[in-house]
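A.B. asks: These came from TrEMBL, pasted as-is:
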- Ser51: active site (ACT_SITE)
- Lys102: active site (ACT_SITE)
- 22-182: domain 'Peptidase S26' (DOMAIN)
- 20-37: transmembrane segment (TRANSMEM)
Amino acid sequence: MPTSQPDADHSPTGEPRRHGWRTLLNLVLVVVLTVAMRQWVMEPRWIPSGSMLPTLQVRDLLVVDKLSPRLGCDPRLGDVVVFRPPDTLLAMGYDGSQVLIKRVVGRSGDRIAVHGGRLERNGQAVGEPWTAAPMAYEQPEVTVPAHQLWVLGDNRNNSLDSHVWGPLPRNRVVGRALIRYWPPQRWGGFAGAPRIGCGDQHPRASPLAEETLERVG
C-alpha cells in the first residue's frame, strides 16, 4: 500500500517557513508606514546654525508636523513654520530643496512695521518674550498680501527673513514645528498646546525659530 507524501505546509519546515514570510511582510509594512509617516504626517529635523539663539540651539532636534498644511490649515500667529524658499530667495541663490523655518508674525491683511526696536502689527506693539534684544532696524509699514505670510526669525538682528526678502507664499509652507525632542533637558513643546492638524485657529505664541533645517536620517 503506497504511503502518501506529507503536505509541504504540514511538514516540519512548514511552520518556520510561514513564520518567515509573516516576519518579512511585517518588516515591509513597517518600512512603508515609516516612509508614509515621514512623507505625509511628520518628520524629524535638526538645526545646523545658531541664527535663532537663544530660543533654539545648534543641533537641537525637533519634530515637524506636515499634516496641517495638507489639511488646508492656515498657520496661526506665533506658529513656527517650515517652508521651501520663495522665489526671492531662489533668485539669491538658495537651493529649492532647502528647508527654512521662521515664526509667523503676520497673516494676510495684517499691517506690519518695525519702529523703535519693536515689532508692530496693525498699529499695536507686539510682545515677544522669545527675542533676546530689540530690533536694530526700522521697517516702514507693509500690508501682507492675500495668501501670504510675514515671517521673522527670533534672532531679529541676525536673520534673513521677511524684512529682507518680503512675504512668504502660504503654498511654500510644508510643516510646523511641533516638539523638540533633543537635547533631553529642553525636551517638550512650546508655548501654546502642540497639535497635529488644524485644531483651533486662534493665535497663540510658539517660541521656536531658526534659519535653516536639516533632515534627520
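Each Cβ is built from the backbone N, Cα and C atoms, and glycine gets one as well.
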A.B. asks: I'm trying to understand the geometry here, so how far is the Cα atom of Ser51 (active site) from the Cα atom of Lys102 (active site), in Å to the nearest whole number?
C.D. replies: 11
A.B. asks: Let me spell it out: for each of the active-site residues (Ser51, Lys102), count the other Cβ atoms within 10 Å of that residue's Cβ, using every protein chain shown. Which one has the most?
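C.D. replies: It comes out as Lys102.
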